[in-house]
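Below is one structure, written out as structure tokens; the observations come after it.
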Amino acid sequence: MFQFHAGSWESWCCCCCLIPGDRPWDRGRRWRLEMADTRSVHETRFEAAVKVIQSLPKNGSFQPTNEMMLKFYSFYKQATEGPCKLSKPGFWDPVGRYKWDAWSSLGDMTKEEAMIAYVEEMKKILETMPMTEKVEELLHVIGPFYEIVEDKKSGRSSDLTSVRLEKISKCLEDLGNVLASTPNAKTVNGKAESSDSGAESEEEAAQEDPKRPEPRDSDKKMMKKSADHKNLEIIVTNGYDKDSFVQGVQNSIHTSPSLNGRCTEEVKSVDENLEQTGKTVVFVHQDVNSDHVEDISGIQHLTSDSDSEVYCDSMEQFGQEESLDGFISNNGPFSYYLGGNPSQPLESSGFPEAVQGLPGNGSPEDMQGAVVEGKGEVKRGGEDGGSNSGAPHREKRAGESEEFSNIRRGRGHRMQHLSEGSKGRQVGSGGDGERWGSDRGSRGSLNEQIALVLMRLQEDMQNVLQRLHKLEMLAASQAKSSALQTSNQPTSPRPSWWPFEMSPGALTFAIIWPFIAQWLVHLYYQRRRRKLN
């Protein structure tokens with residue numbers, strides 16, 4: 001009988017085309033060889049895992065629990081000896097009883113399944129074990145088993161990361177919009193709101209005015225372009241707002257000079273965009289003697305039930321007004337904003353630089369614009385949202401009082417502007433062209449803004465220094481009090497030469513009192529005996 005070995009006679013016959021390679025008996029033999037290979041893989045992994053467990057030191061950094069060792073023991077016995085056929089140990093062997101229970105609980109599990117379970121339990125604790133030669137050998141035999149974990153969680157992790165990235169990007173966009181545009185007042189359905197509310201104020205405006213048409217994609221692009229140049233949402237004031245100049249510097253309107261409707265293409269594009277979004281554009285021409293307002297989408301008077309109420313959300317606004325008061329008190333360009341006369345007409349007093357356009361040449365053709373969100377009317381003495389939120393008082397000048405109210409709703413502000421003598425008056429325009437000349441327009445608005453920031457920074461530094469001074473004084477007082485307490489502590493009665501912690505009197509009492517007690521007991525028994533006798 002010839003004995004054929006794999007890879008010798010059969011392979012030679014297949015190469016010589018004597019025996020076809022796809023015969024049924026050949027395929028069955030290949031299947032048996034593959035099963036043997038798979039069995040050998042499980043066995044090699046099992047043997048490597050057993051070596052790792054056996055090589056663990058008794059006092060090493062990794063100490064498996066008793067339950068874990070019982071699992072490994074039961075799987076090892078099942079993989080090597082098969083199902084448990086031994087009798088249960090007696091009560092005097094509790095460890096043997098625990099082992100027998102763990103082994104018999106596996107039932108009729110096959111050896112291959114026990115090997116696989118042993119290796120799977122090893123994978124759970126493989127990361128916590130120290131890296132040794134046996135562990136490296138086991139890792140080499142097992143292979144990259146972490147791919148399964150990554151494949152299971154890859155879809156969820158990608159979804160979570162995408163959602164988080166979207167939320168973060170949205171928050172960053174909202175924060176950028178808030179930082180790019182300072183709080184500017186705008187009116188929606190006769191109520192004034194500020195533009196620092198971001199997305200929520202837009203949603204509120206949409207709820208209050210549902211009939212307003214939604215802007216198209218082209219309109220949105222135009223609004224983004226106009227917002228890049230500067231925010232157009234400002235309100236014309238008569239000079240009584242302290243913060244209007246600083247906010248107007250950041251929101252100045254860059255337009256070209258025009259007279260009787262002659263504007264450049266830039267202004268026309270902005271006007272068309274504002275017509276689509278339902279905004280009110282107010283143009284002030286200095287060559288017109290009568291007060292008028294060119295309103296595109298209608299005029300609506302500002303009314304509110306809480307005109308006399310004043311609200312403030314934070315103390316930061318009071319600090320901003322105090323810094324502005326100190327800055328305006330000096331002789332500078334800010335003196336114009338508080339030195340005006342309330343009885344003086346708006347057109348003759350001139351407008352602050354917050355609503356000036358491009359610096360002109362002093363001619364009366366310079367055009368000023370004020371854009372107000374929605375339908376509204378800009379009154380004399382109108383204040384913007386960022387300046388009135390921190391003013392809990394009424395200003396009365398020359399018999400004329402102004403009531404301010406700023407109500408926080410969501411993240412936006414509401415305010416109502418009232419003036420007793422001129423509630424029905426609108427923003428007019430005068431012919432005083434000197435106020436609109438290049439002298440005031442050419443002043444660097446950036447210098448004033450930097451000066452204001454420096455003043456606020458200086459105030460913050462002063463506050464920090466005051467706090468540090470208070471902390472130093474508190475620490476010094478605590479040190480003095482602790483020193484006084486230590487000096488006032490009573491001195492111990494024991495002398496310096498005494499070696500024990502107890503005082504000499506306490507030590508002598510502790511030694512003598514047993515003898516005294518014994519003597520008293522002895523006296524008691526003596527008297528008792530005498531009485532009995």
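Including glycine, each Cβ sits where the backbone N, Cα and C put it.
What Swiss-Prot annotates here:
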type	residues	note
BINDING	53-62, 73-77, K99, Y118	acyl-CoA binding site
COILED	448-478	coiled coil
COMPBIAS	208-227	compositional bias 'Basic and acidic residues'
COMPBIAS	374-383	compositional bias 'Basic and acidic residues'
COMPBIAS	432-442	compositional bias 'Basic and acidic residues'
DOMAIN	42-131	domain 'ACB'
MOD_RES	S194	phosphoserine
MOD_RES	S195	phosphoserine
MOD_RES	S197	phosphoserine
MOD_RES	S201	phosphoserine
MOD_RES	S244	phosphoserine
MOD_RES	S314	phosphoserine
MOD_RES	S429	phosphoserine
MOD_RES	K470	N6-acetyllysine
REGION	182-227	region 'Disordered'
REGION	339-443	region 'Disordered'
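One residue stands out among the binding-site residues I53, L56 for having the most other Cβ atoms within 10 Å of its Cβ: I53. A count of other CB atoms within 10 A of each Cβ picks out F75 as the most crowded of the binding-site residues F62, F75. When the recorded positions K99, K470 are compared by the number of other C-beta atoms lying within 10 angstroms of their own C-beta, K470 comes out lowest. Per-class residue totals from DSSP over the domain 'ACB' (42-131), listed helix then strand then coil: 55 helix, 0 strand, 35 coil. When the binding-site residues F62, F75, K99 are compared by Cα distance to K470 (N6-acetyllysine), the shortest distance belongs to F62. In this view, N59 (acyl-CoA binding site) is surrounded by 5 other Cβ atoms within 10 Å of its Cβ, with every protein chain counted.
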